[in-house]
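**Q** Okay, these came from Swiss-Prot:
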type    : residues                                               : note
BINDING : Gly13, Pro14, Thr15, Ala16, Ser17, Gly18, Lys19, Thr20 : ATP binding site
BINDING : Thr15, Ala16, Ser17, Gly18, Lys19, Thr20               : substrate binding site
REGION  : 38-41                                                  : region 'Interaction with substrate tRNA'
SITE    : Ser104                                                 : site 'Interaction with substrate tRNA'
Amino acid sequence: MLPSKPLVIVLIGPTASGKTELAIDIAKYFNIHIHNVDSRQIYRFMDIGTAKPTKVQQRAIKHFLIDVEDPSVKVNAKQFQEIATKSINRELNQKKTPFLVGGSGLYMNSIIKGFFAPDVPPQSFLRSQFEKLGQEKCWELLKVCDPELTKTINYADQIRTIRGLEVFYVTGKRMSSQRFQNPPPWRILELGINRVDLKERIFKRTKNMFEFGIIEETKNIINQYGSTLPLLETIGYKEAKNVIKENLTIEEAIELTTTKTIQFAKRQKTWFRNKNNAIWLNNKNLLKDAIIKIEYALG
């Protein structure tokens, strides 16, 4: 007897682990589409700095949840979940198998486990006080108030840092302890990549990022949205902005971006290990192993 619940395939892994390339190979083999679960790739014009699938890759396989919003519009995990769930249900209604790919742990789990966001409206006074303190001090505060949350976000991400503090100061509860509830009525096959050569891959990707246009991309974003756009404080863009300001050389920017990305990848791996139940793929033959596991789940 076939399972009554529809199957949703999930591929997770830290940044630069090769998710995009593997996902495209899997999607081609099974003739399915990709739903990108990435907190920055959802924004238009942010291509090189987010390692967004190329136009060639997007033409080869249909991608959803890419270039959905303008960089000036903040999309939080709850909003992302709502957008993604609509996209997934649309495919399920067409009798297709959705394929979710990404490294944003909180966003992915908000989709596959159900998300209950803290009912805390924006606190203007609190936010202004945190902004005056500066990101470095706010990050140190968050490490004390909600250490688990700091494992899931980039330490330069002012928006999520302040939101974490805001929730804690208003409710007295950690944002990381927010409950996942009402999981969707799907069967989830969760696959994971855990590369042993991740540091080398991160360095190579960062070097390519600066060689192939992140500085020009950052200039264009600044010209359109201003240099204070919060997304320009995230990894890669912040360093590119400092090259433009002549505060860093390109070599220094590459080194700093690489270091930050490695630190972020470590936090991603910790999150996946503690919060997810992935079947980790065999590094010697990722595609073959993934195909075997997906075919078994499909029955």
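A Cβ is built for glycine as well, from the same backbone N, Cα and C atoms used for every other residue.
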**Q** Rounded to the nearest angstrom, how far is the Cα of Ser104 (site 'Interaction with substrate tRNA') from the Cα of Ala16 (ATP binding site)?
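**A** Taking the Cα atoms only, Ala16 (ATP binding site) lies 13 Å from Ser104 (site 'Interaction with substrate tRNA').
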**Q** To the nearest Å, how far is the Cα of Gly13 (ATP binding site) from the Cα of Ser104 (site 'Interaction with substrate tRNA')?
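**A** Their Cα atoms are separated by 9 Å.
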**Q** Looking at Cβ-Cβ distances, which residues of the chain lie under 8 angstroms from Gly18 (ATP binding site) while being 6 or more apart from it?
**A** Ile193, Arg195, Arg201, Leu286
**Q** Compute the mean position of the Cβ atoms of Thr15, Ala16, Ser17, Gly18, Lys19, Thr20, which form the recorded substrate site, and then list in sequence order the other residues of that chain whose Cβ is within 8 Å of it.
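**A** My list of surrounding residues reads Gly13, Pro14, Glu21, Ala51, Gly103, Ile193, Arg195, Arg201.
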**Q** Out of Ser17, Thr20, which of the binding-site residues is least crowded by other Cβ atoms within 10 Å?
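**A** Lowest Cβ count within 10 Å among the binding-site residues (Ser17, Thr20) is Thr20.
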**Q** Quick one: among the recorded positions Thr15, Ser104, which has the most Cβ atoms sitting within 10 Å of its own Cβ?
**A** Ser104
